[in-house]
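Encoded as C-alpha cells, the structure appears first; notes follow it.
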Amino acid sequence: MMELLRSSLSRVRIPEPSNRIYKQECCVSFDTPRSEGGLFIDMTSFLAFGKDYVGWNYEKTGNPVYLHIKHTNKPLPEDRPSKKPTLLAIGVDGGFENDEPGYDEIHSVVILPDYVSFPFPSVELPEKVRLAVDAILMAEGAERKETLATWTADKKQVSAYAMNLPQIDNGVIVPPSGWKCAKCEKKENLWLNLTDGTILCGRRNWDGTGGNNHAVEYYKETGYPLSVKLGTITADLEAADVFSYPEDDSVLDPLLAQHLAFFGIDFSSLQKTEMTTAERELDQNTNFDWNRIQESGEDVEPIFGPGYTGLVNLGNSCYMAATIQVVFSTHYFCSRYYTTQSLKMAFEMAPADPTVDLNMQLTKLAHGLLSGKYSVPAQEKQEGIPPCMFKSIIAASHPEFSSMRQQDALEFFLHFLDQVERVNGGRPELDPSRSFKFGIEDRILCSSGKVAYNRRLDYILSLNIPLHEAINKDELEAFQKLKAVKLSEGKDVSADDIVRPRVPLEACLANFSAPEEVQDFYSTALKAKTTALKTAGMTSFPDYLVLHMRKFVMEEGWVPKKLNVYIDVPDIIDISHMRSKGLQPGEELLPDDVPGKEVEVVASEDIVSQLVSMGFNHLHCRKAAINTSNVGVEEAMNWLLSHMDDPDIDIPISQGLHGVEIDQSKVDKLISFGFQEAVARKALKSSGGDIEKATDWIFSNPDASLSSDMDATSSITTPVSNDAGLPDGGGRYRLFGIVSHMGTSTQCGHYVAHIFKDGRWVLFNDNKVGASKNPPKDMGYLYFFERLNS
C-alpha cells in the first residue's frame, strides 16, 4: 500500500507561506472536520472537501492524495467562568462567546479513489508527505486568516505620530466643558487638535450625520496629525477616541496624558459625556425595540428541517443573514440555485478554485439553507451554517461589506442583487434578481401645459413616512402632555407609557404617487425656469415587491433623526392604481433643446462674493458655485478645496463649461444605485464625469433633487430605461417577509427577519430559527411582498 502512496508523490505539494489553505470548511458544502465524514484537504490544491464531495474533486482534477481531518467533541468544564462582553460581536476577543466545545483532532493520509488510509503521524510515511502534512496543520487556515484580517483592520494601532508629536505653546487652556467648534456653532462631535489645542467639529458622513468637516479641513491646512474626541476622555485613556488624519484611522496615543496636560486638561477629573459607537450599540440591546423585534419575552419554539437553517453571525453580519434568509425564500432564487442546479453541476462549471466563484458559493449557500442537512434537532442549540466563503466573495468588490462592522441591510440587498445580475449577465432567463426589478416613470407637467417623461429601473420602492397621516393623533397629544409633566417633575417616561405615531402603509404609498411641485424647473418650451408638477408611477409590477421605509431622516442643520413610528401593514395590498399610464392622447411633449447645448448655470453672486472675501480667486469661485449648482457657500468651498489642482481650473468658463458631454453609461450606473436621473447628471457634471466623486457629491448635497436646476431636456432626449422583458402582472401582493432593525442608525444595532412559511410566521435571528408568536409587522425596515396571481 505504501507503494501506492509513493507513486503519487509527484502530486503532493509542500505549501508555501503565500498559499491559501482551506481546512475548516468544505468548498462546496458546509461540512467541517466535525461532520460525520470529516474533511479531506487536497494536498495539491489545498482545497477542502466533505466526504460526499471529495470524489467529485478527484474526478475533476485527478488529484489522489488527501489529508483527512476529523474532530471529536471534548466538553468544556462546567465551572468555566464567563466574561462580560465589551463589543457587539460574536466569537471575537471582547465579544460574546460562542461556547463551542473543545475537540480532539485525528489525522490520516488518504489515497483516492479507493480511500486507502495511512495514519498520521507515522515514520513510515515518505518525508515529503510528512513535511506537507505538518505545513498544512501548522498554517493558519484561509478561512480563519480572512476573518482575522478583517477584525485586525478594525482594531486600533499605536499612531506613528504619537511619540514625536509637536505641540505649540500658544497659551491655549482647554476648559473642562462648554466646548464649541472654532469655525461654526457645533457643540457635539468636537475634536481637540493635539498640536495647537484648536477645537473643531468632525467629518460630515455620507448620510449627513457628524459635523461640518472643519477638523479634517484644518489638518489639510496645517498638517497637524492627531485629534482626540472631546467627551470621550476619562481616567481610562485607552478608551478615548484619538484619530490620525494622515493614517486615516482611529489610533492609540500612548502619550495622551501628557499631550492633554499640555493644554491644562486633567483627564482624571473628566466625566465621559459621549458614548463610543460600540457602547451605543451595546446600549441598544436593552431597549424596547430589541425585545419586541426579537420576541425576547416569548417562548419561541425552535424549528428544524429544509428551509429552516440559521446563519452563524460572523461578527456584525446580521444585516446579511436577515436579507439572505428572505431572498432565498423566494421561488426564483430557490429554483435557480437549489432545485434546478445541483452542487455537482455548479462545481463542474466552477474554475479551479471554487471558493472564488459566485455561482458556486450561491449554490452552496442555497443547498445549505434549503436542504435541511444542517438543520436537525440538536441537543443544546441550533448551530446554523457560517456563510464565510459567500461573504468573502460577495464583499470582494465592496470594502464596507468585507469589514466586521454593522452595515445597512438595504445597501447590502441592492449590492447583492447587482452581483447576482452580473454573474448571470447575458442570460436574463436564468437571472433570479429580475424577479425584484421594475420600472418607474416620472411625469413632469410644465406650466406651459407640455410634459416630459423620465424612466428608470429599480429593485426597491423607497417610501417617505407622512407623520401627519398618523391615525392616533389624540393618543399622541395626550402622551406629549404626560411627557411634559414627567419632565417638569424630573422623571422619565416609562416604556409602557410611550406612544408612537401609527401611520397606515396606504398613506406611504399614496405619498409616493402624490403630485410634487418642482421649483426652478427649466422648460425648453418657455426657455426659462418655471414651476412644474411631478408625479411618479410604476411601468411594471415585479414578482416580488420590496418596500423600504425611510425611518432615518435629516432635520435642519444636518441632524439625523430616526422616526420612532409604527407602520400599519396589511397582509394584502393592491397597488394597481400606481401603474403609470405613459403619454396620453392630447398630451404634447416638451421640445428638445438645441442638440449638445447645455443650459447655462449662472453663478450666484452671493456665494461668489463670500468666497472671494475669504481670499479665493474670483474665477475659481464662480466655477465652484456653478459646479455645485449654487447649493451653498460650504458646498462651493468644499468643491474649491478639492479642485484647486485641476488642470483646467484657470480656463475661462466660456471655454471650460460649454459642450460638456455626460457619458450615458455613467448616468445609468448612478441610476442603478437608486439616484434620480437628473441628480445623477448634475452630480457627474459637478465632478467632471468621475462616478466616485459624483456619488460623494450626491451624499454631500441631499437636497439636490429635481427641484434644483433640473433640465427638462434630459428627460426626453436620453434613451429611456428599457423595462421590456421584465416580469409584470397584477397589482395585488401578499406580505411574506419583514427585515426589522433596532438601533439608532443602520450602521449599528441588530437585524432579524420574519418570513411567512408553510402557513405560519417564522423568526430568523442569526443561527436561531423559531415559530413567531407576534411578528412585528408594524416595525419593519424592509417589507417583502409576493404578487398574487388572480
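Quick reminder: no glycine exception, Cβ is built from N, Cα and C everywhere.
TrEMBL does not curate its annotations; it predicts them automatically.
Features as listed in TrEMBL:
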ACT_SITE  C318  active site, nucleophile
ACT_SITE  H750  active site, proton acceptor
BINDING   C181, C184, C201, H214  Zn(2+) binding site
DOMAIN    157-267  domain 'UBP-type'
DOMAIN    309-788  domain 'USP'
DOMAIN    602-643  domain 'UBA'
DOMAIN    661-701  domain 'UBA'
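The number of other CB atoms found within 10 A of the CB of C181 (Zn(2+) binding site), across every protein chain shown, is 21. Break the domain 'UBA' (602-643) down by DSSP state and the numbers are 29 helix, 0 strand, 13 coil. A Cβ within 8 Å of the Cβ centre of C181, C184, C201, H214, the residues given for Zn(2+), is found for these other residues of the same chain: A182, K183, E185, K186, L190, L200, G211, N212, A215. Rounded to a whole number, the distance between the Cα atoms of H214 (Zn(2+) binding site) and H750 (active site, proton acceptor) is 32 Å. Taking all protein chains in view, 15 other C-beta atoms sit within 10 angstroms of the C-beta of C184 (Zn(2+) binding site).
For the recorded positions H214, H750, counting C-beta atoms within 10 A of each C-beta gives the highest total at H750.
For the pair C181 (Zn(2+) binding site) and C318 (active site, nucleophile), the C-alpha distance works out to 37 angstrom. The closest partner of C318 (active site, nucleophile) among the binding-site residues, by CA position, is C201; the full candidate set was C184, C201, H214. With helix defined as DSSP H, G or I and strand as E or B, the domain 'UBP-type' (157-267) counts 19 helix, 22 strand, 70 coil. All protein chains included, C201 (Zn(2+) binding site) registers 25 other Cβ atoms within 10 Å of its own Cβ. Around the Cβ of C318 (active site, nucleophile), a 10 Å sphere holds 25 further Cβ atoms from the protein chains shown.
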